[in-house]
């Protein structure tokens, strides 16, 4: 028997009227393993969408497919009505897709500011010759330091990026992604390895992201997902298990069974809650 | 049908040749993939086996058996020595290890010549095998067939050990993550030693058995190394079957190819490799071995470290005051000061140096440009290269041919050389920039070696091994006189090199340098920020090629002679050593390193005639052990372990992420 | 079983860990919590010998192992489950088990771990024997890293962020495993950024801030009153400033 509520949730993945990012029937195989299996997803401008699922469900592969570091075997990706399925990652970035990394890498030899300036470089309207002319250079630097301030790295702007801690490097990665003024932002487990206090700070940064950016968040931290995302897609073995509004999707019986162990969440939940208050 | 029939014998020969290469290349590939050592002395291990085998084989079965045991044991011991020598460097990147093994191969080659003489050695095989058998109506040497059987057994045993035993699993685990192997209670040092000793034994056995196919002689080591490298580059790493297929392919090119198309044979190997590299660069990346960024690990006991620390401490003491407070102005002054001083000395040189020293200095400038081009690729673009001698050669031969045709204006020659070298680099670039880390060393080495071989064999244009000489001298400008005097030649070279270096510095200090640094340090991030990193790397490769081309032009102008030896493997290694001595990210350091090397080499060659390679090898070894960060490293703070880890580097990157650490001693 | 006294360690001249003391009796779980950059992983590396401490001592069952090579320390009975799991990407699960299986030279208290016993504890790995480490999912890799450490029959088990990046359902499983292993007599040192996991299974909790111990709590008390642990974590940076 299928309760009507469940069917409702499953059909919530209806394409919005004018999606900025559309994935249709994406499939990616690695040998015998199908990492992403016929996934369709549509993001409207300003969407706050999360993708969750157990390890190996294909979440990161999905991000890589959208960012262009992996190519789909089947399916198509369109950005603002334009087919980008075969575009190189750098080209996609210039078209408006930005991403953060699970294992962020920074340019250690350069300062934090220079790192972000390089990230804006290809996106800034003043690009031609900007690095050479002091005035334009200052404008570029101002944009970059504004972005760093927004993620809370204002006091390490002139330090070499190699001296940052793991958490700071994540924020730098996020600043670099945001500095490109994307229309679609892909976040790959931004909270992994962060303490609860850092997660709260991260959430504040994410909340400040402009409304014209569609955000796709891949995350394990269910509290963060519940707090941040309006809609959720649950992946399981590369397939979409459920897609719909966050609360319904997370409380969906299949999801609870497969993904959220009631015992584990019960043990961890009070901890995270009390932390957030403090 | 007749044609096919007539080619049967060379075809079977090709199989034997290919199997021989497979056994040798498998050892090289294993040492590279698992111990992380690009063992440039691997050919020498083969030569050890071949010499010992040839010495002990007296045409009896007993002789062959004794030769086999002794040759295998000798090469095995040599492999263990290599392991002991490279073990202290495991945390220092592959570049240093490659240079060290090259130094050891020079020393080993010289010792082999001392022991066995400089002539090719005849090899005697047991009489029962020294006959021919009938094969599908053709007479065929029995030894080759027997060799095929033995090589198959060797290969099968090696494969079985690697894939089916615990020791083999340990070897592969060491390739993935040596620290975790240690944390499982197995000594990575032991695995490293066992691995190189086993690879040595395999090469030695191949040397003894293969002596009748590739016999012992002064050129054996380099020839075998080059062919093995080609096999590995073609076959990729990780898959033994692909290596086998590549080995047989190369064997067939070397035998069947020569038989079918003798005119084209010299270029067949080059063409085959170019084709495969291009195909592969489309299909995907040459599988790079797991990184060996042994970050944050326990510093190995390094006998050289102590000595090095002493040296550095003495130098650092004098400098510590300047190092402390680097204000922006002071920093700029500190940067410019050595450059200014160097320039002053260089300009003044003709007034106090004799003609011979001046011509050496001119050559040093040419080699310096080559070293700078290596620095640009290795230190900035993160592509450690052993193949810049290829564009260097293109530039050199372009200049010589232009002069021969009457184009004698120096700057025109230099610009044409740069253009030709740039075009060449643009063609080879796509294959190089697809790979990363140490695999680049291997691909570039193969490109350089094959270019050298092709030049040696294209007699009608390049003069073959005799080289080109007797072409008109260059003029510095239109209408001016020829550059006859050493002093004038030197000053001309100084001006050209100065312009090239200044232009390079200008580019590297501009955005271009930052973009390259970014690509090297955080390629994924750069790509995700919209930077077309492949284009940057290709441009860097082309630019570095042009620079090397100018270096080649200068060398020809200064020497008024060019031969394949001037653009060979040894020069490639010297240029890389100069870059490493210079600190791999310092352009001026590379020039200084080149000067140091040219003078040391000259002094060394004169001090003990006949043992130049030995002393040069010792120079390599000493430089690698004593100057871990090059001359630039001496000027900075004393070296410390653990590279540039952040102060709060809580997290240790998984080994495959540690690309930045590979090959770049930043 | 594991005793650390005055342990000081760091990277390239900088000190990350300052004179740290802690003991882990056999059969108990000792958790170390702290923010990123507090020196947790440095502590684990210094104990396991991946990093040579600059001062202080590490004792396993009273035996001094400070500064010995990593594989000696492993043979002395220290098992490591590292951050990021770090399984051998190109080895199959079966090869991992065979490689890591190392019966102790002298019989120790408790039964030695064999591949069969490990597979009994972690049945999921049994289904994946022919798969390479790199092809496993994150949770399976974590199981494999644990199996690899157990097969040396360790007396001390170092777990560095064993739940990082794992789905909540797996976190619960790992927690149960940790408790079961401690019950088996192993001294477990658990490093975790998540106070929830630490409170759920540790007898003692050490709070690490900027490389120094800033608080030490009783696990049972922390379970009863989670706020206490959070206060210790939250207050720690303020104390520094």
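Just so it is clear, glycine is given a Cβ too, placed from its N, Cα and C backbone atoms.
Quick caveat, the model's predicted, so the values are computed rather than measured.
As annotated by TrEMBL, transmembrane segment applies to B:15-41 (among others). Listed by sequence, the residues of this chain that lie at least six past the ends of the transmembrane segment (B:15-41) yet keep a Cβ under 8 A from its Cβ atoms are 78, 82-83, 86, 90, 94, 97-98, 101-102, 104-105, 108, 144-145, 147-148, 151-152, 154-155, 158, 162, 171-172, 174-175, 191-192, 195-196, 198-200, 202-203, 205-206, 209-210, 213-214, 221, 224-225, 227-229, 231-232, 235, 237-238, 240, 243-244, 246-252, 254-255, 289, 292, 438, 441-442, 573.
Summarising the annotation, TrEMBL assigns transmembrane segment to B:61-86 (among others).
Counting residues 6+ beyond its ends, the transmembrane segment (B:98-118) has Cβ neighbours under 8 Å at 37-44, 47-48, 51, 55, 78, 81-82, 85-86, 89, 216, 218, 221, 225, 386, 438, 441, 570, 573, 576-577, 580, 611, 613-614, 616-621, 623-625 in the same chain. The feature transmembrane segment is assigned by TrEMBL to B:98-118 (among others).
Nonlocal intrachain contacts for the transmembrane segment (B:190-214), taken as residues 6+ away from its ends with a CB within less than 8 angstroms of a stretch CB, comprise 16-17, 20, 23-24, 26-28, 30-31, 34-35, 37, 39, 42, 45-54, 57, 64, 67-68, 71-80, 82-84, 86-87, 90, 121, 123, 125, 143-144, 147, 150-151, 154, 158, 161, 167, 170-171, 174, 178, 181, 220, 223-224. Taken from TrEMBL, the feature transmembrane segment covers B:190-214 (among others).
A Cβ distance under 8 Å defines the sequence-distant neighbours of the transmembrane segment (B:226-248), meaning residues of its chain 6+ beyond its ends; these are 14-15, 18-19, 21-22, 24-26, 28-29, 32-33, 42-43, 155, 159, 162, 254, 269, 272-273, 276-277, 280, 286-289, 439, 442-443, 445-446, 449-450, 453, 569. The transmembrane segment annotation in TrEMBL covers B:226-248 (among others).
Here TrEMBL flags B:336-353 (among others) as transmembrane segment.
Annotation source TrEMBL lists transmembrane segment at B:360-383 (among others). For the transmembrane segment (B:360-383), the list of distant contacts is 95, 346, 349, 353, 389, 391-392, 432-433, 436, 440, 444, 486, 489-490, 493-494, 497, 500-501, 504, 508, 513, 516-517, 519-521, 536-537, 540-541, 543-545, 547-548, 550-552, 554-555, 558-559, 571, 574-576, 578-579, 582-587, 589-591, 593-595, 597-599, 602, 659-660, 663-664, 666: same-chain residues at least six beyond its ends, Cβ to Cβ under 8 Å.
According to TrEMBL, the feature transmembrane segment maps to B:412-433 (among others).
Cβ atoms under 8 Å from those of the transmembrane segment (B:489-508) belong to residues 343, 346-347, 349-350, 358-359, 361-362, 365-366, 368-369, 372, 376, 380, 410-411, 414, 474, 476, 483, 516, 543, 547, 550-551, 553-554, 557-558, 587-588, 591 of the same chain, restricted to positions at least 6 beyond its ends. The transmembrane segment annotation in TrEMBL covers B:489-508 (among others).
As annotated by TrEMBL, transmembrane segment applies to B:536-559 (among others).
Residues or ranges marked as transmembrane segment by TrEMBL: B:571-599 (among others).
As annotated by TrEMBL, transmembrane segment applies to B:611-628 (among others).
The region 'Disordered' annotation in TrEMBL covers B:637-666.
Only residues 6 or more beyond the boundaries of the transmembrane segment (B:336-353), in the same chain, are considered here, and those with a CB under 8 A from a CB of the stretch are 361, 486-487, 490-491, 494, 498, 588, 591-592.
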